[in-house]
Amino acid sequence: MPALPILALALAPLLVNGQLSGSVGPLTSAHSKAATKTCNVLDYGAVADNSTDIGSALSEAWDACSDGGLIYIPPGDYAMDTWVSLSGGKATAIILDGTIYRTGTDGGNMILVENSSDFELYSNSSSGAVQGFGYVYHREGDLDGPRILRLQDVSNFAVHDIILVDAPAFHFVMDDCSDGEVYNMAIRGGNSGGLDGIDVWGSNIWVHDVEVTNKDECVTVKSPANNILVESIYCNWSGGCAMGSLGADTDITDILYRNVYTWSSNQMYMIKSNGGSGTVNNTVLENFIGHGNAYSLDVDSYWSSMTAVDGDGVQLSNITFKNWKGTEADGAERGPIKVVCSDTAPCTDITIEDFAMWTESGDEQTYTCESAYGDGFCLEDSDSTTSYTTTQTVTTAPSGYSATTMAADLTTDFGTTASIPIPTIPTSFYPGLTAISPLASAATTA
């Protein structure tokens, strides 16, 4: 087998500024893993004929390399009829340079990586993909098919330079993971709820330079979570980024979202709950640009789309919304500021500053606050936290609301009844910024 054009990575995990608590990423490079052992799935029975099931070959390659090594999926088209549970890896990497097409019909997760450390999944060519063909389910009204990718209890990891398309259910879930980095990804799903882009909970995780198209979660933090940094995110006809849904014993702290661009989505950012308990604190949401979204800043502690949970409500405190620009679809119907907090667990120390948005339809917009205390717009600045409701109507556009768009903004969604094409990974995910890390394809050809 010819030598693999493996992306050169630093031996030490990366440390960045922000809400992270320490270094993130694999502890050893793909080069060192390959030098220990290389397991090509073709040697374990895989055939790039878009017919032969790759599931057993990938499982066997993992078993052979899980104690240290690199698993290689060469360019080509592979069918996946049986799902894989890849467990107990130590210093293991997977290079996906081919395209995996779902042919199986089981539920669960097509690819589950669990109880592993020092793990990396990426594509040398930045074109490796998994095509879930979710439309086969969705056109029948079925949203209970498999997820594409799930990491569970994985530490010191990276997932990058891969494309996930048309998941029957969620696209990518990180469940109780730590010290990880996710970047340079494109996720493209159907235009329906229940088809989440990225859901993450855990500790010390950096998600950046990701494009998501769907109609549910773009990049969403769930509980429990701490020290999560999310930046340079392109929600391109999506549900939008969010926190939640939040229920009993919520425990979220030290979260930073910045440089988030949202186009034709449900919201720019939503914190959603209905009853429940616990806390969300020390969160910053800054440098947001939006256009054509139904909601913009949306905190809803009585979110009717979830069943009410026992408890007085999730306590939100020390949350800052800063430097938001752009336009919303209809500011009279759904104003750009909505901070609706629980009467029995009011929000405290909320800050809204440098916020300038204007309606695309009509000539007025509203700001609504309920039981929310802090500084800015309709928030009440008071030592008292008794319940209140106020709505302000604005008929003059604020200065500085104008914001640029992205050239790749979609003009329509991909529906739910036809196959969705595999996109390429962009090199910019926020106006005026290039990706923090170059695509792997650029590094391997340099």
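In case you wondered, yes, glycine gets a Cβ from its N, Cα and C as well.
Going by Swiss-Prot, these are the annotated features:
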- D216: active site, proton donor (ACT_SITE)
- H291: active site (ACT_SITE)
- C39-C65: disulfide bond (DISULFID)
- C218-C235: disulfide bond (DISULFID)
- C341-C347: disulfide bond (DISULFID)
- C369-C378: disulfide bond (DISULFID)
- N50: N-linked glycosylation site (CARBOHYD)
- N115: N-linked glycosylation site (CARBOHYD)
- N124: N-linked glycosylation site (CARBOHYD)
- N236: N-linked glycosylation site (CARBOHYD)
- N281: N-linked glycosylation site (CARBOHYD)
- N318: N-linked glycosylation site (CARBOHYD)
- 1-18: signal peptide (SIGNAL)
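If you check the recorded positions C39, N115, N124, C347, C369 against N318 (N-linked glycosylation site), the ones with a Cα inside 10 Å of its Cα are C347.
A separation of roughly 28 Å, to the nearest angstrom, links the Cα atoms of N236 (N-linked glycosylation site) and C341 (disulfide bond). Cα of C341 (disulfide bond) to Cα of N124 (N-linked glycosylation site): a distance of 46 Å. Here the Cβ of N281 (N-linked glycosylation site) has 16 other Cβ atoms within 10 Å, regardless of which shown protein chain they belong to. Ranking the recorded positions C39, N124, D216, C235, H291 by the distance of their Cα atoms from the Cα of N115 (N-linked glycosylation site) places C39 first.
Closest to H291 (active site) in space, going by CA atoms and restricting to the recorded positions C39, C65, N281, C378, is C378.
Around C218 (disulfide bond), the same-chain residues at least 6 positions away in sequence with a Cβ under 8 Å from its Cβ are G197, I198, V212, I233, C235, S238, G239, G240, C241, A242, T262, S265.
Between the listed disulfide-bonded residues, namely C235, C347, C378, the fewest other CB atoms within 10 angstroms of a CB are found at C378. Annotated pair D216 (active site, proton donor) and C378 (disulfide bond), C-alpha to C-alpha distance, rounded: 28 Å. Within the same chain, residues at least six positions away from N50 (N-linked glycosylation site) with a Cβ under 8 Å of its Cβ are D77, Y78, A79, Y101. Each of the glycosylation sites N115, N124, N236, N318 was scored by other CB atoms within 10 A of its CB, and the lowest score goes to N115. N281 (N-linked glycosylation site) is 10 Å away from C347 (disulfide bond) when you measure Cα to Cα. C65 (disulfide bond) sits 19 Å from N124 (N-linked glycosylation site), taking the C-alpha atoms as the reference points.
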